[in-house]
Amino acid sequence: MEVDNVKPSSSVPQRNWEKENNVQNVDSIFEYNNKQQVEIRNAKPWDKDPHYFKQIKISAIALLKMTMHAKRGGNLEIMGLLQGRIDANSFIILDVFALPVEGTETRVNAQAQAYEYMTVYSEMCDTEGRKEKVVGWYHSHPGYGCWLSGIDVSTQTLNQKFQEPWVAIVIDPLRTMSAGKVDIGAFRTYPEGYRPPDDVPSEYQSIPLAKIEDFGVHCKRYYSLDVSFFKSQLDAHILTSLWNSYWISTLSSSPLFSNVEFLNNQIQDINQKLSAVDKKLQLNDRSVDGHEALMKVVTDAKAVGDELETGRISHLVKQLLFARQAGGGCGCSHASAGSPMDIAVATEPEKAGPSPSAPEPAVEMADA
């Protein structure tokens, strides 16, 4: 059942976040059966069926920890490990912990320090009586979606070979901030030499033009798992404590300002894709591929427009709220030097100002 019976201590934003991400309230999922886990690991059913694992269930605490970690990383990739267990055809993720790694905008490198930290942390968990095993890893793709790159595929394949069962999670913190819902995906790679059957086309996701080639080359070497989220009444206090630090940063920031570079990159990417589609249609205006590519660009543009409008509304609401609080809380026009509506209207000329001439060089790059 979905989270409807929430404790009074939960704030309204926290309840909205849980419902937006469809967090379910389940207590029995936390029960650990050691005998069952040993039997499953000894049987190794995933060796016989490359598509054995079909879904992953993530606790709300683990989800919030990963989201906060990825958000702190900003434009740099981050990495951490997943703790949990397996149950039939599912991974159950109960907790996560971050790794001290060296990240760039396109990759993350785990050095000796990270491996040492990983070993010590796991040993401390065993000492404290925590029975959950490390069953996978997570990392971020800032601004370019949830999928596995060539390096990710190699890393996941290696881990599945020597540390099964193992799963990979990818989070996009920039798209999460823009959309308001956690952008997340979970993946497993196929064994070497295995050719997957032609499946039904998956749901379209926007991939930057610079990443499309990497995405296309490796997209048949892995598959995605259905992702769901859960929580229990026992971890409500921990979730509330985490949320108290999460909502402050969310409330004090705006995607219109914190995601300026990401939004500009999205607009430039759409411009480049339109230039490529225009060339394709000029050669053959009845090209099916050209029209399909055009519809995908339209989908991307609509998504960017929706994110901008959502960010604008959120920003105006915060201005109205805090201008009223600063004026003494009565909400009257005389309460402050400028009424909330005056402040909101004052921001419009800034938004209507001349936009940067970023599309021009993007067209030249596409023509080149």
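Including glycine, each Cβ sits where the backbone N, Cα and C put it.
What Swiss-Prot lists as Zn(2+) binding site is HIS139, HIS141, ASP152. Sequence annotations record features per position, and here Swiss-Prot assigns domain 'MPN' to 56-193. Per Swiss-Prot, the feature region 'Disordered' maps to 347-368. According to Swiss-Prot, the motif 'JAMM motif' annotation covers 139-152, on the basis of sequence analysis.
All features noted in Swiss-Prot, drawn onto the structure.
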| residue | record | Cβ neighbours (10 Å) |
| --- | --- | --- |
| HIS139 | Zn(2+) binding site | 25 |
| HIS141 | Zn(2+) binding site | 24 |
| ASP152 | Zn(2+) binding site | 22 |
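The DSSP secondary structure for ASP152 (Zn(2+) binding site) is helix. Taken residue by residue with DSSP, HIS139 (Zn(2+) binding site) is part of a strand.
Remark: secondary structure over the domain 'MPN' (56-193) totals 50 helix, 45 strand, 43 coil, with classes taken from DSSP. The domain 'MPN' (56-193) scores a mean pLDDT of 87 in the predicted structure.
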